[in-house]
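Enquirer: This is the structure I have questions about; it appears just below.
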Amino acid sequence: MAKITLRQLLDHAAERDYGVPAFNINNMEQGLAIMQAAKACDAPVIIQASRGARAYAHDIMLSKMMDALAEIYPDIPLCVHQDHGNNEATCLTAIRHGFTSVMMDGSLLADGKTPASYDYNVEMTASVAEMAHAVGASVEGELGVLGSLESGHGEAEDGHGAEGALSHDQLLTDPEQAVDFVMQTKVDALAIACGTSHGAYKFSRRPDGDILAMHVIEAIHQKLPNTHLVMHGSSSVPQELQDIINSYGGEMPQTFGVPVEEIVRGIRHGVRKINIDTDCRMAMAAQFRKVAVSNRAEFDPRKFLKPAMDAMRDLCRERFEAFGCAGNASRIKVMPLDEMARRYATGLLDTQVAASRAA
Ligand code: G3H
Ligand code: 13P
Ligand code: ZN
């Protein structure tokens, strides 16, 4: 079994200058689709589960499924990550169920909706980092609140994220504050707000070259060259998937996501983990609709799920290849959690230490 920590995987990605897509899953078919894609192009994997996914599938099911995926694909390093943890309990129970990495999202209060104060964010994130590192697991923090810079768009439209209108300042991470945050919390990776939002409805017009606040990504990367940056809300919402959904009875209003080329620009400036959920949902839903409309007599769930799984597999493979992740699985020798814990305990993984070494 090759379960890897986020920290080890992103250290490798930084060394070789690539990005790793982090795909959300809720069920077996999504897990298999990702692993099939990874196997086909030799890519290391991050699979993440939200609190909603854990409630949907049950912790025991998810945890045994992750172990099964690691066992079926022993050559693919697999990082199992908690997406948007809202408090210590969520993060610690994830680790207890075999997750090798957790996100403590202290940018919002525990309700997952109300923007939190900076002090609250620092305190919660530092506390989770201390506990997770003691057992070798990795921690992602978030500074800034996700939301589209285009007013009225991307405000928790998928029911996940800050509620209500956010100010321009809240929507972009402050690079100076990012330095202080990383120093105080000792996170392994930092999710930043750079103009993306969760869900399908990110932008109402075709995004131009400035759709991501690239200057913010660049400024943070310059100040924190050894901190791995994470881009949430990174689905591209492909037009062809909208078209399939709508041509088989769907009613998705026209929308635009984050172009893959923009993400690739981000990877050149320190973005190492790229969160994608919506695109995978759309790839599968498009096939469900197609089968339902094209073969009205069909009622075997596998006849819906197999094409859906294949479509998700192809989408995942495209992202592994575009982000430069393909070809890297076989280059990684997975380090056990105990060894990671030893390294944290001896200060070897302190971001500050790494930063001063780099200077
Ligand atoms: O961050 C949002 C992810 O897309 C997870 O969504 O909470 O509906 O599982 P979910
Ligand atoms: P999308 O909704 O753009 O796929 O973003 C997913 C995400 O950020 C999960 O944390
Ligand atoms: Zn997210």
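Here the Cβ of each residue, glycine as well, is placed from N, Cα and C on the backbone.
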Enquirer: Among Gly199, Gly249, Gly250, which is the one TrEMBL gives for the dihydroxyacetone phosphate site where Gly233, Ser234, Ser235, Asn275, Ile276, Asp277, Thr278 also bind?
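Expert: Answer, per TrEMBL (dihydroxyacetone phosphate site with Gly233, Ser234, Ser235, Asn275, Ile276, Asp277, Thr278), from Gly199, Gly249, Gly250: Gly199.
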Enquirer: Hey, TrEMBL has Zn(2+) 1 bound by His84, His198. Any idea which of His58, His221, His228, His232 it lists too?
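Expert: Checking His58, His221, His228, His232 against TrEMBL: the Zn(2+) 1 site match is His232.
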Enquirer: Which whole-number value in Å describes the distance between the Cα atoms of His232 (Zn(2+) 1 binding site) and Asp277 (dihydroxyacetone phosphate binding site)?
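Expert: Here the two Cα atoms lie 10 Å apart.
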Enquirer: I'd like to know which of the binding-site residues listed (Asp105, His198, Gly199, Thr278) lie near ligand 2, counting only a CB under 6 Å away.
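Expert: So the answer is His198, Gly199, Thr278.
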Enquirer: Among His198, Gly199, Ser234, Ile276, please name the binding-site residues whose Cβ is nearer than 6 Å to ligand 1.
Expert: His198
Enquirer: Give me the sequence-ordered set of same-chain residues, not including Gly199, Gly233, Ser234, Ser235, Asn275, Ile276, Asp277, Thr278, with a C-beta within 8 angstroms of the centroid of the dihydroxyacetone phosphate site's C-beta atoms.
Expert: Asn24, Thr196, His198, His232, Gly257, Asp279
Enquirer: I'm trying to understand the geometry here, so how far is the Cα atom of Gly199 (dihydroxyacetone phosphate binding site) from the Cα atom of His84 (Zn(2+) 1 binding site), in Å to the nearest whole number?
Expert: 14
Enquirer: When DSSP states are folded down to helix, strand and coil, where does His198 (Zn(2+) 1 binding site) land?
Expert: coil
Enquirer: Checking the contact step here: among the recorded positions Asp83, His84, Asp105, Glu142, His198, which have a Cα within 10 Å of the Cα of Gly233 (dihydroxyacetone phosphate binding site)?
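Expert: The recorded positions passing the 10 Å Cα test are His198.
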